[in-house]
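> This structure is in structure tokens; I'll ask about it shortly.
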Ligand code: MRU
């Protein structure tokens, strides 16, 4: 156990041999309930309805969905197509299914596919630990930082991407205080990131999303640290809605902006952020809070759940292959030829 492990106690995606157990993120923090998937349709539903969420975690869950499909004798082509359509923005989902499909095409049986899914999960955890160290070493001692959405153990195989940098930064003494934006409408920051940070003993304060510019103007944070759902070939980055406005505010106030994501989030086949499909979710997510309607009946809403931050607003992209400072197409191609 390294020092960093003392701030890392959660594993939300657990393979049980004949079922996939997911810590149900719709219910946290009120209830810690496990959702059991016994076939690939259960996994598709869990991804679509956000029982499991976060780019790396949905890729890992989908890989286990293929294993379940093979174990249960489902039609694998149909199962993989259904899993692929569960959510459109995070490329980790497509990446994981492409990798599993290579096994299927080569004639792998359920046991061999199980080995492959386990490798995808293990590699994600290893990447997160490595990115944690790389990202945290960019941060000067005693810094306060702001994060958005949830990029932690809940969103990955464990440890987290942006939250992994925060875990490592706290362990190294480089991060003294974390601010987490609540992340309306689904409140990943308020419900999930605060749950992880409090459980793992990391000093954290929740802010309303609308308080972020004020926080930066007050000089309270040195870095904004976020994850990604897809990074295009030119470094443009899709992440949770609200990330783009944080990047604009950060640049205006001289605050540094870091994106942390494994290579499985990089999509060199997508030229720019304009080519990334942004998921639109049901208006009801915005018209209610915690299941209680807060807006007049009859009202409509527009609910895009991701946005694109242009590469020129990003100071550093941290991947397990290395750090790209001031990302652009040329810099990206060096690490991702
Ligand atoms: O809609 P979500 O909760 O799946 O969105 C998650 C995010 O936007 C995360 O920031 C991103 O997936 C990186 S998670 C390591």
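Glycine is no exception: its Cβ is also placed from the backbone N, Cα and C atoms.
For reference, TrEMBL lists these features for the protein:
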type	residues	note
ACT_SITE	229	active site, proton donor
BINDING	53, 54, 55, 87, 188, 239, 240	substrate binding site
SITE	149	site 'Transition state stabilizer'
> In the same chain, outside 53, 54, 55, 87, 188, 239, 240, whose C-beta lies within 8 angstroms of the Cβ mean position for the substrate site?
58, 90, 149, 150, 151, 155, 227, 229, 306
> In the structure shown, which of the binding-site residues 53, 87, 240 has the fewest other Cβ atoms within 10 Å?
87
> Compute all pairwise C-alpha distances among 53, 54, 55, 87, 188, 239, 240, the residues listed as binding substrate, and give the largest one in whole angstrom.
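Output for substrate binders 53, 54, 55, 87, 188, 239, 240: max Cα distance 17 Å.
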> Within its own chain, what residues at least 6 apart in sequence put their Cβ under 8 Å from the Cβ of residue 239 (substrate binding site), listed in sequence order?
148, 149, 226, 227, 228, 229, 259, 306, 307, 309
> Return the residues near residue 54 (substrate binding site), defined as same-chain residues 6+ apart in sequence whose C-beta is under 8 angstroms from its C-beta, sorted by sequence, else 'none'.
90, 150, 151, 154, 155, 156, 227
> Going along the chain, which residues six or more apart from residue 55 (substrate binding site) have their CB under 8 A from its CB?
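Long-range Cβ contacts: 90, 91, 92, 93, 155, 227, 228, 229, 230, 261, 264, 265.
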> Should residue 239 (substrate binding site) be counted as helix, strand, or coil on the basis of DSSP?
strand
> Under 8 Å Cβ to Cβ from residue 188 (substrate binding site), same chain, six or more residues apart: give me those in sequence order, or none if nothing qualifies.
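Listed in sequence order: 53, 149, 150, 240.
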